[in-house]
């Protein structure tokens, strides 16, 4: 069944609201989590190891969810993720100690997820959006979805800035876990209102008819994975612990860190909104250009002479990396047929998380050794490799202007973009 345009708009609004609510907590925690656990006596290596463990847990769950989101109702998978977050937050509220906090970090991604993303449950979200997006609207919808997540992160970081510095770090963490429970419950209620068409699954017959991946699809996805591995490692070594870097290099207060990150997220949100409205012919070029700006930002950051110059470079880096997240998702979604959207999303997100999981641990090790700039230099090097692969991937392989895929049964023929094929099948009654 093809969802009606009205159902598609309703689905978009609900999932955008989900992103906004998750972003509120994610922005607050990215700004406050590492400074607060530092104040509680945690070592840099311990904090980095725990964030790496959380990313590794997300990697494993992403593989499972991505494989199942084409076979189980993706709405139920998203609700399961919210329930898990509620359970993690409740455990910490009942018994506020390091072990429940570690479980909350591992199970709910507290302190490391961003963009309002549901973490390992993101393939289910992407499967819903790719199935309900109207023809030609995929890029706009994914970019606007990212916009709402980043807007929530900006608001959350501003909340971290306004939080009283006199408050005990443990009280901050209790507040964050209470917010996690409330926002997860709100998301569950919103998800229950998703139109039925957006929650449908592909039958076994549908999946069999979609056949094996074509050589072009396999090539596309192999390039996605190659680019993502270096991209994820670059993000893991710098972005996940950037608030701690400000603390080490400039002895910045949590309020200063929150204000800098809030501005970065706000700029990212505005850029994501702009990207969603760009003509299709400019999207691939814009994505590559932004990755170049992100590389410049992280390469210059170690030489910053003041907290404000570092803040501007961090804003350049964060906006260039986070704002085009929706565009990157849309390009991956269009690399395969709709029946494989959940599987390709799982591959996309898991390849991002695989090496990203090692980043915070390595960064914590270098910082414990008083090598403050080394993780940022390595992050820039990995970003440069990813940029090279990105140019090859999006400009020469699956840019929007070339998004034609060989038909599974007649390899010498081509059909149009997947959204048009889906509409044609619906009109033919198949």
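Here the Cβ of each residue, glycine as well, is placed from N, Cα and C on the backbone.
These come from TrEMBL:
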| type | residues | note |
| --- | --- | --- |
| TRANSMEM | 39-65 | transmembrane segment |
| TRANSMEM | 141-159 | transmembrane segment |
| TRANSMEM | 171-191 | transmembrane segment |
| TRANSMEM | 229-248 | transmembrane segment |
| TRANSMEM | 260-276 | transmembrane segment |
| TRANSMEM | 288-313 | transmembrane segment |
| TRANSMEM | 373-395 | transmembrane segment |
| REGION | 403-430 | region 'Disordered' |
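Taking residue pairs at least 6 apart in sequence, the transmembrane segment (171-191) and the transmembrane segment (260-276) share fewer than three C-beta contacts under 8 angstroms. As a quick check, the transmembrane segment (229-248) and the transmembrane segment (171-191) miss the bar of 3 or more Cβ pairs under 8 A, pairs 6 or more apart, so the two do not touch.
Taking Cβ pairs closer than 8 Å, the transmembrane segment (288-313) reaches residues 234, 238, 246, 249-250, 252, 256, 260, 263-264, 271, 319-321, 323-324, 372-373, 376-377, 379-380, 383-384, 386-387, 390-391, 394-395 in its own chain, all 6 or more past its ends. Same-chain neighbours of the transmembrane segment (141-159): 12, 15-17, 19-31, 114-117, 129, 133, 258-259, 261-263, 265-266, 268-269, 272-273, 275-277, 322-327, 329-330, 333, counting only residues six or more beyond its ends whose CB sits under 8 Å from a CB of the stretch. For the transmembrane segment (39-65), the residues of the chain that approach it from at least six positions outside its boundaries are 77, 102, 105-107, 109-113, 119-124, 169-170, 236, 240-241, 244, 248, 346, 349-350, 353-354, 356-365, 367-368, judged by C-beta separation under 8 angstroms.
Within the same chain, residues 220, 223-224, 226-228, 230-231, 233-235, 237-238, 241, 245, 284-285, 287-288, 291-292, 294-295, 298-299, 301-302, 331, 359, 362-363, 366-367 sit at least 6 positions outside the transmembrane segment (373-395) and bring their C-beta atoms closer than 8 Å to a C-beta of that stretch.
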